[in-house]
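A.B. asks: Positions annotated as 4-amino-2-methyl-5-(diphosphooxymethyl)pyrimidine binding site by Swiss-Prot, on the basis of sequence analysis: 37, 38, 39, 40, 41, 69, 108, 137. Look at Swiss-Prot and you will find 70, 89 tagged as Mg(2+) binding site, backed by sequence analysis.
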């Protein structure tokens, strides 16, 4: 079977919100979330370093699994729990430096070919998306749906996986029934009428992850 070559993460990372500010990181940690990602796009390292550093410090205070999207140099510098990379970032990132620093690595995938590419890097977890149509970001690929997601899970076996893309409160349970280890959400929390209630309900379904 496939085995990660980066530091391990639990198979069940639980509810995995992806947010764009330190304010959201702090809110969600206080609400009981223990796996989350800071995703700030299209800024220079020096513009985001304070936010990255603050988010990592918060994650450490709560003993949480905080992943930094893309800014891998800053993640290494400030000793983050982990880094998350898109496919387009794999070729331009020093994966050996991330590994040597002891950081976990997550990689996005959208089809079988990208899963092959991710497996070659042997990251800590593989993100599978997008499951449903999403308004959060422009996607060149088509939604995979539950049947395709289940096929990927069967192929990957006990490799840690995260489903992402258009996962709402109503869709969370059907997604988890595919056998995927974790669910990543964005607008299900950040655009909810009551984000605290939405977070509590999603935590009740997906959990906060295994230790």
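Glycine is treated like the rest: Cβ placed from N, Cα and C.
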A.B. asks: Under a criterion of Cβ-Cβ distance under 8 Å and sequence separation of at least 6, what residues of the same chain contact residue 108 (4-amino-2-methyl-5-(diphosphooxymethyl)pyrimidine binding site)?
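C.D. replies: Listed in sequence order: 84, 85, 86, 87, 114, 118, 127, 129, 164.
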A.B. asks: Spatially speaking, which of the binding-site residues 37, 38, 39, 41, 69 is closest to residue 89 (Mg(2+) binding site)? Use C-alpha to C-alpha, please.
C.D. replies: 69
A.B. asks: Across all protein chains in the structure, which of the binding-site residues 70, 89 has the highest Cβ count within 10 Å?
C.D. replies: 70
A.B. asks: Can you tell me how many other Cβ atoms are located within 10 Å of the Cβ belonging to residue 41 (4-amino-2-methyl-5-(diphosphooxymethyl)pyrimidine binding site)?
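C.D. replies: Other Cβ atoms found within 10 Å: 9.
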A.B. asks: Highest Cβ count within 10 Å among the binding-site residues 37, 69: which residue is it?
C.D. replies: 37
A.B. asks: Can you give me the Cα-Cα distance between residue 37 (4-amino-2-methyl-5-(diphosphooxymethyl)pyrimidine binding site) and residue 70 (Mg(2+) binding site) in Å, rounded to a whole number?
C.D. replies: 10
A.B. asks: Considering the binding-site residues 38, 40, which residue's Cβ sits among the greatest number of other Cβ atoms within 10 Å?
C.D. replies: 38
A.B. asks: Tell me the Cβ contacts of residue 39 (4-amino-2-methyl-5-(diphosphooxymethyl)pyrimidine binding site) under 8 Å, same chain only and six or more apart in sequence, or just say none.
C.D. replies: 18, 19, 20, 69, 70, 84
